[in-house]
Structures are given as structure tokens and as C-alpha cells.
């Protein structure tokens, strides 16, 4: 598998009245062809900002790149001009958003909204774009697309709107599809349909998907690899099985513990107490220290480096240091087998 | 569509019925009014009035007569000017008001929208502040004061434009500007806040994520949605222009319907007052209907049919 | 891993008190406190408040400090330009414009405040009743309001002024006879929205009576939008009064308002523009001040605008 996107030490800040909010603080990851990478984290972890930075959709100012690079096809996207980015957006990288109710233009037909990028990026005529629009709607599973294409978003249901959003995003066969919480605003039954659709389309088109979500349940079936974000940093990354069966970071444990499981009916869901750190004044050490049940003195002052757990998995936690006490994965975070730290 | 129209027209008729009824009884109550017994009228008009309104009939007969006449837009003779029918006065003066009003509406809409868009695009920058200072001043300076200021500067001091009357396009500039000031300022503020809201909407982000240029995003996706509140302001805009015309036409000596109304008020020319009031009401109700129809065209979410809105 | 000097003691558990982890960060401030804090930051609105206070004070002491009165005719000294004796000059009957301006301020501000107050009383009662009871009561009450609302405000006022005997109170009555509708609609909308909310349900389940509910819970919560509307009613009333004065339907002499003063100055505009300038300027200034205060209050108090 070859790398298609490489993000190196990316830092993004927002200039606000309350000071510089350091939303993303040195994030590094890569995305391979035909793969789905999930970035998981709660709201405020910086995952959406990371996603939107890749497309350069962050309004600047107040946002700004502080550091790092985003390498796509050998070129650094952080250095591109707005005009150059226009040629990449929608054509090479495209995006779908959380709320399909508000992310479609209410005064424009679905057909027009699909055609726009076809006309812009592929120089299609209006007529051809319309034909292609019908094909795309069919592809994303919208019945009677010939009729539906001339309708407005309000005539679509929530799930259908998200399908239409996917059709718009895939119109020009992009290399990368960024899906920013694509199912959060949908009913549970519709959520599964949309995730299945994205998986199916990925097999057909070979598009790499960057899935942004707070819902580990969505991740299990959809992603190949997972990066867990907290406080503007990636705290753990690994293959999906590693994250689910051998998680290393207490925050990942917390996320797994707060996920409902089918076999354990009596067990209560474990919430992670507390709230994420204030990124206007980020902590010196590990961002999770105030909420971590295993916090040590060192955690407060020093950000842990990444420790390689396997070829594919690494985590940033002081518990992985040989001098740290050995801690077992808590029962609540156990999806599969048990493993002891150290 | 047809059913909707019929329903709306039904409402208009009911409203008009109320308005006609209220004006009739208000005029009945007016001291020295057309229906009062102690009138001092020239004998010719007395005779005309008697013929037109059957003043000796009981009130309910007079009322029904008036209602029937009002439907055919026949408001009888003027109370003050011998031999003039109210309908003739309206027909003669309305065209002036129509031209002036159309100019003012055009001016308020085009410059108001322009100013609002500039302010939104230059949010918190000089352009925004400049546009909003103009808008706040526009709202704070009443049209009649604006009219006098314009008249004093451009007509009296600079002598660049005619002081008054209505003979050429140049004559219409000052009154149209004065008439447009307040609604223009209002539209600018409306447009600014609506544009700011729209530019933050998710679908603008979607449009940008498609790689559309910022020009296309702003104008094709932003403006079309941002202008909706302005469209719904068109109704109040017509009201504002219409009532504004009373005073502006008076100041600029324009023989329009607004001026006729004011003259009839000063003269207590009751039949003209009643006639113009009913005419104004018809005008307003019809323009509000037209505005609603336009809104249905601009915003696909509002369906002007009886299908029932999907939500 | 880079091994910086770390001791074994660094790996001792950290004593963290997790009990306050759920505490809400930042001091929670009350609606009014928060609103006031926002309002205070709005320099333009504060400027508006100062203007109104100054105008209010001058309307009482303006006449006395100039040593002139507003009604003394002095035809020998008519139409004088501003001077040491007559600070704003004199009008066509030789009356002191400075003294008249502040007398006019009193009348204009009185009309504005009074109209706003009456609108407030009728509007709040009407809107609160309609919104609270809903259903048929609401339908009939709002239907009546809609019909009155359909007729242009100024047209109604003018018609009433034609019929009623001229006077200060006539003017105020004419302005408020349909003026309250706007207030009623806003109050009703707010009440409708609020009455479905949980704390009202909670009070009701605890046995609170309707009247108590309406005035104890709902009205205070609708106060923000009401205050904004109220502030914007005042300049509107001052505008309407001046408008009517221009049509010869303003307050009758010997009363004088900024509107009648401006209107009286019109015929001689070409020769004595200052006679128009002073009252017209103060009309604009007052409207400006109330408008910026209203905007400032909306930004400070309207939950929809707050972000």
C-alpha cells in the first residue's frame, strides 16, 4: 500500500478573544490508498479542525497554521494558494459533513449541486453533468433518480440527503474522501446504511476515506486503522483490531468503556469523568492527566513520547515506560482478550 | 396554486370589507363630516351628496349603498371641489405616485442590498463600519428631514436640481432619494445580518469543499439565500414608501395621490379621505399578495400550493 | 524513547481530586448580569444612553438656564440668528428657539415615553393572555390583532387625528390604538415558546396557579425582547409625532414639539435654515440614540444573537 496523504507535526491555532486556542498540536499520521483511517475523539479534541485543515476550509484568520505540513501527491497543501486549492477541493479531496439538513443549499436543486463540481473540474456540459448526476444518485442508492435530481433538499429525507452529499463528494472520483461525523445526525438504522454505502463505494472506486467520528461503534466495522485524538494530539494509533483488542492508552480505555456492548447487559456504561482541557491554555504534560485514573507525577509536567507497541500500533502514555507500575486494561474496556502492560 | 390564490383573495376581500366598514363609521362619527347633520356646504355639493349618498336615508341603507359603490371603486363626488369625482382625483394623481414610488423602491432595494453585502463581506473592517454608519444614520434621519436637507443643499444652495414639482426625471431624483432613505438603511442592515448568517452556514462550507471559487460561493450560494429576508421585507417596504409619499409629495409639491390625501385631510374632504384610504388598502393588500407569490418563487421550501408543506 | 532524567518517584501516583472534575468551568452569570456586561462593552449604546440622559436633563433645565421662555412673542426681534442673547436665535414670532427646543424636547420625549408605556401595558397583557391560554382564545385574540395590523399604522393614526379633537392626548391615543400590536405579537411568541418549557411544567405540577405562573415565571423571561421592542417604540413615536406635525396634525399651539417647530420653520427654510436645523437635529439625535440603545440591548439580551 502506498501513502497518499502525509500529515507531519501539524499545528493549527485560532486567534480568539480568549487568546490563542491551540486546537491541533503537532498531529502526525498518514493515509494509504484504498484504506479507511478513523480519527476518533470527543468534541473539542481537534479532530474536526484536523479534517478541515486538510481541505484548507478553516477560515484564516482567525485560524492559522502554526507548524507542520500536509503532503498530498508530493506537494505541501499548507503552502498552496487559495486558487490552487480550488483545483484540489472536490476533485482530488472532497468532504461530507455532519448534518445533511444544513449542508445542502436549500435554494438549489440536488442536480445543480452535483453538476457544479462536474462542470468546474471536468469541463462537462450542463447536459452531460445532469446525466452523470443521475448516474451518481443511482450509485448512492436513491430511487427514481431521474425525478429526484430535480428536487430540492427539503424534499429529501435525512438519510437521502446524506446519500446526496456522498454523490456530490464522489462526483469527480476524488482520491480522498473526508467524512466528518457523517452519521452523527442520523437515525441509528440510517447510520448503518450510510456506513455500508461508504464501504461499498470505497470497494468500487478505491477512494481512501478519512473518517472523523466520536463513535467507536461506527469505527469497528468501517475502518482499517484508527487514530485516537485527545486535547489536540493523537494519543494512540493502530490497526482497528489492535485498538479494540489491545488498547494501550487510558483514554482509549475510557472510550471503549463508554461504548455499549451486546453481551454485557448488566454492566453499566462507564463515562469518563471531567471535561477536555482548555486549549487556550493547554497543559504542559499529558492532556488527559486531570481525568486519568492512573495519572502519575510525571504525567503532569511532561508530555509522553510515542512508544511503539507493534509495527503498526503506538501510544503516547507514561504507563508504557518500564519504570511505571503495571496496570491491567480495566474490565470495562475489554472487548476481547486480556493483556498486561509492561 | 389556484386554490391558494382564491383563499388569499378571499382574505383580501374580508380585510377590505373591514376597512371600508371602519372608515364609513369613522366618517359618520366625524364632527362636521359628510354624514353629520350640521354641515355647511355649498348648495351644489349638498345636492350632489344627497344624490350620491342618499343622506336622508337611514344609516344602514347609506352603509350598504357605500359598500356597493366602493366595490366598483366609485367613491362619489369630492366634498370640497365642485364637480370632481373622487375616482377622477385618484386616477389623475396616482401615476405620479406610482413613478416616484417605483423609483424609490428600486433605489432602496439595489443600494440597500449592495451596502449590506459589502458590510457582510468586509465584516469588522472599514467597509462594514462605513456601511453601518450610513445605515444607522439613514434610520435615524426621518424622511421629511432628509427631504428638507436635500432640498436645501441640492436645490437651494447648489441649484443643481429642481426644488419642487414633477416635470422631468431630474424632478424625481430628490424626492425619490428622500423617500428611499429609511427603507434603504433598513434593507442594508437586514441584508448584512442575513448575509453574515448565510456565510457561516454549512452549505457554504460544502460549496467551498467542492472547489468553487469564492466569487461563485458568495454570489451563487450565499446571495440567493441571504436575500430571502429582504424579499419578505418587500411588503413593509411598500407600506413605508406609500406612507412616506404623504409627506414627501407635500414637501416637493408633487401632485400625487399622497399629496391629495394630505390636502383632503387638511380640508376635511371626507369623501376623498375615504376613497384614498380604501384605494391605499387595496394597493397594499394586493402588493403583499404579490410579494408572497414572489417569495414562493425564490424560496423552494415555501410552496405556493395547497399540497401542504413537507417538513 | 529519549530518557530524560526521571526518577522512580516521578512514577508515583498523582493525588488528584476527581470530585471537582464535573464542575463547570467559568463563573456562571445571571441573564441580567451577563446582558449588562455585554451592553456595557457596546460603546455606541453607552453613548446613546448618555445622549438621552443629557437630553432629558436639558429638557428640564434648558429653558431656565438661558433665561428665556418658550412662549414670549417679541415681533421686534423675530427671525434672529443665534446670538449671545438667543443662543439658537429666534423664530418668526421672536420666540427664543433655545428655550423652545428644550420645551419641545419635554413634549417629544413625553409623547415617546407615554406611547411606549401604553403599548407596553396593552401589548403585554394581550400577548401574555393569548400566548398563555393558546387554542381558541389565542386564535380570536390574534385574529383581531392581525386585522388591525393589516392597515398601515400611519394611515390609521392620520384618520384618527382627523376625527378626534386635536390635543396631546389625542395624539398619544391615536398612536397607541394599533401600536400595541407589535408588542403583543412579540410577547405572545415568547410566551408560547416558553410555556412548553420544562420549568413551567415543573411549577405547574407543583400546583402553581395560572396567574402566578404567568407573572412570576413567564413575564420575567420575556423581558429581554420586550425591553428591546420598547426602546425601539420610543423613536418610532417621536418620528410619528413629527410626521403628523408636518401634515399639520401635530400637537396644537401653544404646545410645541420638535415636530411642530420643524414644520413651522419650513416656509422660511431658504432664509432662516437654523430655525429648522435645531429641532430637526435633535429629532435625529434622539432617534439615533434610541436606535443604538435598542440595537445594543438586542445584542446583549437576545439569546438568539448571543454566541
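Cβ atoms here come from the backbone N, Cα and C positions, even for glycine.
Note: TrEMBL annotation is automatic and uncurated.
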- prompt: Given C:44-65, C:66-87, which one carries TrEMBL's transmembrane segment label?
  reply: C:44-65
- prompt: Hey, does the transmembrane segment (C:222-249) touch the transmembrane segment (C:144-163), meaning at least 3 C-beta pairs closer than 8 angstroms, sequence gap 6 or more?
  reply: yes
Contact set, same chain, for the transmembrane segment (C:169-187): CB under 8 Å, 6 or more residues outside the stretch: 111, 114-115, 118-120, 122-124, 126-128, 130-131, 142, 145, 148-149, 151, 153, 156-157, 160-161, 222, 225-226, 229-230, 233, 237, 240-241, 244, 250-251
Query: Under a Cβ pair cut-off of under 8 Å, which of the recorded stretches C:44-65, C:222-249, C:269-294 contacts the transmembrane segment (C:107-132) most often?
result: C:222-249
Task: Mind checking which residues of the chain, 6+ beyond the ends of the transmembrane segment (C:44-65), have their Cβ under 8 Å from one of its Cβ atoms?
output: 98-99, 101-103, 105-106, 109, 282, 285-286, 288-293, 295-297, 300
